[in-house]
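Annotation comment: TrEMBL describes A:Asp57, A:Thr94, A:His144, A:Tyr148, A:Ser218, A:Ser219 as FMN binding site. Annotated domain 'Luciferase-like' per TrEMBL: A:24-379, in sequence order.
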There are 2 protein chains.
Amino acid sequence: MTERQLHLNAFLMGVGHHEAAWRHPRTDPSAVEDVRHYQRLAQIAERGAFDSVFLADGVQVFGDVRHSAASRFEPLTLLSAVAQATSRIGLIATASTGFSEPYNLARAFASLDHISGGRAGWNIVTTAGDRAAQNFNRDANAEHAQRYRRAAEFVDVVTALWDSWEDDALVVDPASGVFADPAKVHEINHRGTFFQVRGPLNATRTPQGHPLLVQAGSSEDGKDFAARHAEAVFTAQQTFAEAVAFYRDLKGRLADHGRTPDQLVVLPGIVPVLGSTEQEARRLSDELDDLIVPTRAVAQLTDLIGIDLTDHPLDERLPKLPPVTRVNGAKSRFELVRDLAEREGLTLRQLLRRLGGGRGHQVVVGTPESIADHVETWFRGQAADGFNVMPPLLPSGLEEFVDHVVPLLRRRGLFRTEYTGTTLREHYGLARPRSRFAAPLPV
Amino acid sequence: MTERQLHLNAFLMGVGHHEAAWRHPRTDPSAVEDVRHYQRLAQIAERGAFDSVFLADGVQVFGDVRHSAASRFEPLTLLSAVAQATSRIGLIATASTGFSEPYNLARAFASLDHISGGRAGWNIVTTAGDRAAQNFNRDANAEHAQRYRRAAEFVDVVTALWDSWEDDALVVDPASGVFADPAKVHEINHRGTFFQVRGPLNATRTPQGHPLLVQAGSSEDGKDFAARHAEAVFTAQQTFAEAVAFYRDLKGRLADHGRTPDQLVVLPGIVPVLGSTEQEARRLSDELDDLIVPTRAVAQLTDLIGIDLTDHPLDERLPKLPPVTRVNGAKSRFELVRDLAEREGLTLRQLLRRLGGGRGHQVVVGTPESIADHVETWFRGQAADGFNVMPPLLPSGLEEFVDHVVPLLRRRGLFRTEYTGTTLREHYGLARPRSRFAAPLPV
């Protein structure tokens, strides 16, 4: 087991990542609002020794309510419940730097890390779009670079708060009545552009020191941010060549921040549409795509790329899209969709089918063997350190992956047979940070 | 069971409400950071058919870190974990209107209500003190009345968001692809003094419609706020006469807001220091008071009333305190402490011992029989609809209350022998609100 090992994250989303999953006979749409459904999904992933489960999130109702089956749970409260039904798997929640306060967010993630025994991760998002801003006292959202400047300062404040209690601050001596050593509990006295925070945090140092920092933006701003702060990166990559370029680019930026390539784990998304034969897999893929409601899919695409395509004829090719510099939404996803449509000359309807499975993430249709081949090729080819697994149907697609793909990956020596650590950081092979306020270690 | 019934809430705080609880041999101070401790406490209260458990909270480190054993969990994440270990008991979390956004808070409580199957309650606090404000981009806190104006608008926005999905908004018809009826999902388009929120909430209507609204301020502003918004009120009352006056005052204000007296439940705090004999109870009380660290207690008192008493000699009577109009902290608690010290001519040391058990809440030292008498007297005398039970030691004090006091209350016909409802609202006998956006009921 000294060979480089693959990492697997299970991206949980309602009853499946395919946008029409809830309409397929293999799902139970009522599970979308049942906490036991998410507990069961995490248990399946834990049975497969996955590193983590992950919940995306937003702070608005997306797109077309009529045809969408989104989960209604807030990720931190949901993962706290999931923690009670699992013991080892990591728990990554999305939370926005755009519309919350660093003190509250630091506290909530510290709490989840305590509750779960060191299994919390924070997927840092800046949140694009005016609809989100309109739920938070504004008419329009901040522009892209400004959102990332706020995010960078936000993360600085949060990690300082996580450091504000040193590891050995607790004394707990009933005889003397000393509970904590005040010399090891620190005000952070942050005064920046966006925030002014005195501290200390009202939560002690957590099992992981810092809950894991995860990031998913792949724009220039996003990659710079990731190189500075992130320890795991979720990314959407349509081709092996693009994935290799992204991987090399991102890892290459780490040295500028005094970091080594093994301090950041790159996890492209993969939507595995599985069948026991290629035909069976293809049939499932077609069944799902046939259930797409075009008006809903257009609304989702509009949200995704920030360009309104509502009136574009379904069977015509896409219009030429503007340069990314004029986009204020999720820049990298915009580029991915534009390049995909142009490269393959897709009509809007064809594009909707290509995006229906994973909103721009790589869809791989095939047998367990062919999907394991795909995973191995990307992993050995330095396109990925592992994968963000996005089953089209849940729980069935995750069960199939764990029961049929994971054993192949193990047989090939790529993936652990059981957990070797107890915290999320340990699963990903990442060090536990020291508090910035702690005395230097003796030389 | 048609007789008026008592309500009981278990106020959970670390290893006990007495400030020296963690130093007493009957507690395990490491439990303060163990989620299983809180789950066990809730299970004990549920075994006693209590209406609810409750967690206080703040957004700062209080007082003297050296000698304080505060819980470090954030209430919503902790109660989500507690929900997994219980099935009927209500779960009330404190959250501040001063330093969060209504959209985020509405979402988190909606999530807890979904996760727990209708057991969530929100204890609404405005948060006093500059130390809190200094964690949120400000040098000083807003003044008292301003905090309550913000709170009132905050609650209006949150309840509107909870109403934004009507009960029957979900259609979930896989055949037609219709998941929700957009005509039953509403923007709230709030534009007020403090907030501008478009909506709808990204969470469907919850089991309770609105998580229960709880409030604990007893100042004039606090009582007005409670009369308008609250469905349960926690209050600190030192004497029967004061409790009766408070109860009558608060219930009398309801009509101004078109509400009836049974739409608000008044729950004074009680710290039951139990022994199998009066002597044994007195001994426990003395043991605990002897463990008080005066410097810590003075720091806590300073936080509690907003007046710095650090340099006041312990064995001298308190100085004359300023009129409440000049206080910008928790006004009602300030008045309670001032009146207690003046009425009984207490030295600072004596006052600290009187406050050590429950920070101003009524401490009752005695046998199960005498504590049941006290409860019955206050309940029958219209001083209380029930009690906020604050055991000095946890879990032992809660176990003793459930095993020895609750059976007496049942024998006297005052308290349920088992749950009759499933939601927190049903336990408290409170109606489930209709969405404000729903069509009027047919006449």
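Don't overthink the numbers, they just go from 1 along the chain as shown.
Using the three backbone atoms N, Cα and C, a Cβ is placed for every residue, glycine included.
TrEMBL does not curate its annotations; it predicts them automatically.
From a predicted model like this one, the values you see are computed outputs, not experimental measurements.
Long-range neighbours of A:His144 (FMN binding site) (same chain, six or more residues apart, CB within less than 8 Å of its CB): A:Ala128, A:Ser219, A:Asp221, A:Val327, A:Asn328, A:Lys331. When every Cα pair among A:Asp57, A:Thr94, A:His144, A:Tyr148, A:Ser218, A:Ser219 is compared, the largest distance found for this FMN site is 19 Å.
Confidence across the domain 'Luciferase-like' (A:24-379), taken as the mean pLDDT and rounded to a whole number, stands at 94. Local packing around the binding-site residues A:Thr94, A:Ser218, A:Ser219 was summarised as the count of other Cβ atoms within 10 Å of each Cβ; on this measure the leading residue is A:Ser218.
Take the CB of A:Tyr148 (FMN binding site) and look out to 10 A: across all protein chains shown you find 20 other CB atoms.
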